[in-house]
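**Q** Structure incoming, see below.
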Amino acid sequence: MTLPRSEISAGDAVVFDAVSKRFPASGGNTAFTALDNVSLAVARGSITGIIGRSGAGKSTLIRLVNGLEKPSSGKVFVDGVDVGALDEAGLRDLRRSVGMIFQHFNLLSSRTVFGNVALPLEIAGMDRRAIEQRVRPLLELVGLADKHGRYPAELSGGQKQRIGIARALATEPKLLLSDEATSALDPETTQSILELLRRINAELGLTVLLITHEMEVVKAVTSDVAVIDKGEIVERGHTFDVFTHSRHETTRALLSGLAGSKLPEAVARGLKPAAASGDRVVVRLTFFGAAAERPLISQLIQSVGAEVNIIAGTIDEIGGKPYGSLVVAYGADAETSGKAERFFTENGLVTEVLGYVA
């Protein structure tokens, strides 16, 4: 699915307009298509996530934004400027307005925390006093003011990523690109980095374009998300809407890996595509809003008049809105299934039949 041109606004921070990227193959083989006719707008001031499996085209997409790659066809606009039309001087100016953080921190081991953050300012020719005035507040912002004289080897992974974030902000960019920036971090550190990105977005009004393969990251911090698969945008929208009304199988597969939503291995192994006599149907329920605060399972049991087993589940918030996912099993016979389906419809639940178990 691509973004209709009528939905592309001149006020967007980044616009991909019918972008394709093909890499030549060796030995006369067919060229590899990394991106296929991608159209997408990134709203100014948003935290937008691009999520997909490894090899889906995420990193290629983000490299087009700062001109590290050029599209084979289509155009990429940053603040209304056609990136592909820029000369070398124009690209240098663009890259000063676009910060980037990576999975691997790319710090210089011979430089202190202060020295690493100051590096892009030194390259830009800024004088020492101005560098000091710029770097000190950034170290305060990322919580490393007391570590300014330390070296990377003395710091944790999370602290190293904070240096990377401060360095990316040193040139006062309007846009921050994050390429799997939390993938090498433990869950607790990941949450602290995501909270920092959220605070930077709010306090500096910075647009953040975040590349990840983790739905937990998308859920925690983004306002909008696009799902990419085999070089195509297959689903996009506000994060809450994509989570609660996912339409594409790739999105559903990524959502199934969220904590509390994943099937126990024994159940997953026993799933069948069709029901036999006496089997139970396994259904994933997605509920939100007022439904997330009601005793739905007890009401479901009363409605169907039969046993309902809870296999997995989670209740959380996305963008301050309550959201829940439950995997349940109940009789696959026509009477029980019919009553359950009516209950789901009447209560506005989104359902997905996962299969059948004995």
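The backbone N, Cα and C atoms fix where each Cβ goes, and this holds for glycine too.
What you see is a predicted model, and the numbers here were worked out from it, not measured in a lab.
Got these off Swiss-Prot a minute ago, pasting:
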- 14-255: domain 'ABC transporter' (DOMAIN)
- Gly52, Arg53, Ser54, Gly55, Ala56, Gly57, Lys58, Ser59: ATP binding site (BINDING)
**Q** Could you tell me which of these binding-site residues, Ser54, Ser59, has the fewest other Cβ atoms within 10 Å of its Cβ?
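**A** Sparsest of the binding-site residues Ser54, Ser59 by Cβ contacts within 10 Å: Ser54.
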**Q** Note the Cβ centroid of Gly52, Arg53, Ser54, Gly55, Ala56, Gly57, Lys58, Ser59, the recorded ATP site, then list each other residue of that chain whose Cβ lies within 8 Å of it, in sequence.
**A** His213, Ile228
**Q** Same-chain residues six or more away whose CB lies under 8 A from the CB of Gly57 (ATP binding site)?
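**A** Looking at Cβ-Cβ distances below 8 Å from Gly57 (ATP binding site), excluding near sequence neighbours, one finds Lys21, Ala34, Leu35, Val38, Ile228, Lys230, Gly231, Glu232.
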**Q** What is the one among the binding-site residues Gly52, Gly55 whose Cβ has the most other Cβ atoms less than or equal to 10 Å away?
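**A** Going through Gly52, Gly55 one by one, the largest Cβ count within 10 Å is at Gly52.
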**Q** Using other CB atoms within 10 angstroms as the count, which residue among the binding-site residues Arg53, Ala56 scores least?
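**A** Looking at the binding-site residues Arg53, Ala56, the Cβ with the fewest others within 10 Å is that of Arg53.
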**Q** Using a Cβ-Cβ cut-off under 8 angstroms and a sequence gap of six or more, which residues of the chain neighbour Lys58 (ATP binding site)?
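**A** Spatial neighbours, sequence-distant, of Lys58 (ATP binding site): Ile50, Ile51, Gly52, Asp179, Ile211, Thr212, His213, Ile228.
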